[in-house]
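Novice: To start, I am sharing the structure in question, which I have written as C-alpha cells.
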Amino acid sequence: METKPVITCLKTLLIVYSFVFWITGAILLAVGVWGKLMLGPYISLIADNSTNAPYVLIGTGTVIIVFGLFGCFATCRGSPWMLKLYAMFLSLVFLAELVAGISGFVFRHEIKGTFHRTYTDAVLNYNAEDEASRAVDNLQHKLRCCGVYNYTSWFGSVYYPSNGIPASCCFNSSDCNPEDLRNATIAPNKVYHQGCYELVTSFMETNMAIIAGVTFGIAFSQLIGMLLACCLSRIITANQYEMV
C-alpha cells in the first residue's frame, strides 16, 4: 500500500507529460500542413529539388499524436510492457531530434550555399509565371529586398532585356512603371538596394542559436518521459501492482 501514492504520483506526471507530448505532435502536424500549403514556393528556393520536409513534419506529428495517446492509455492501464514500449519510442524520438538538430547546425553553411545557388537560378531564369518566379516576387515584396546581392543581379536574367527589373522590387508600386524598370539609370532610384540573400542568411545566423536551443530543449524533454515511464514500469513490476 505504501507504493500506491508513488505510483499515483508517477501516473499523474506521466499523463501530463503525454498530453504535452501529444500537443507537440499536433503542432508539428499543423506546421507541416501549413508549410505545404503556404510555404511550398519558398521551400523550392532553398532546395535543389522538391523537398519532403512538410511531409516529414506531417508524418512525425501524426506518429507523435498516436503514441501520445498510447502513452496516456499505457499509463492509465498500468501495463509494464506498454510503458517500456512507450519509453522505447521516446528514446527513438530523442535520438531523431538530436541528430536533426546537430545536422542542421553543422550543415548550416551548406544550407546557405544551396539557398544561394537555387535563388540565383530562380532570378536568372525568372519569367514572372512559374512557381519559383512567384516565390521570388513574394520574397522580394515581403522582405523589401531585390535580387541576390542587390538589384544588379537582375541585369543578367532572361527577364530583364524585355521587361526590366520585376515590379516586386519597387518600394513604391504606384511610382514604378515598366519603362523605368528597363532603364538602368532610373530603376536604381525606384527599387530596393538590399539583396535578399544577405537578409535571409543574416536571419539564419542571428536565430541559429535560438533554433538550436529550442530543438535540443525539445529533444532532451523526451528524457523526462523516458525516465517517468521506466520508473513507473519498474515499480509496478516490482510490486506486482495492476490497475483494474
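Numbering starts at 1 and runs along the chain as displayed.
From the backbone N, Cα and C atoms, a Cβ is placed for every residue, glycine too.
A quick note: this is a predicted structure, and the numbers were derived from the prediction, not measured.
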Novice: Could you tell me which of Cys169, Cys170 is bonded to Cys146 by a disulfide, according to TrEMBL?
Specialist: Cys169
Novice: Under 8 Å Cβ-Cβ from Cys169 (disulfide bond), six or more apart in the same chain: what's there?
Specialist: Gln140, Cys146, Gly147, Tyr151, Trp154, Leu181, Val191, Tyr192
Novice: Mind giving me a neighbour count for Cys146 (disulfide bond)? Other Cβ atoms within 10 Å of its Cβ, every protein chain shown.
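Specialist: The Cβ of Cys146 (disulfide bond) has 27 Cβ neighbours within 10 Å.
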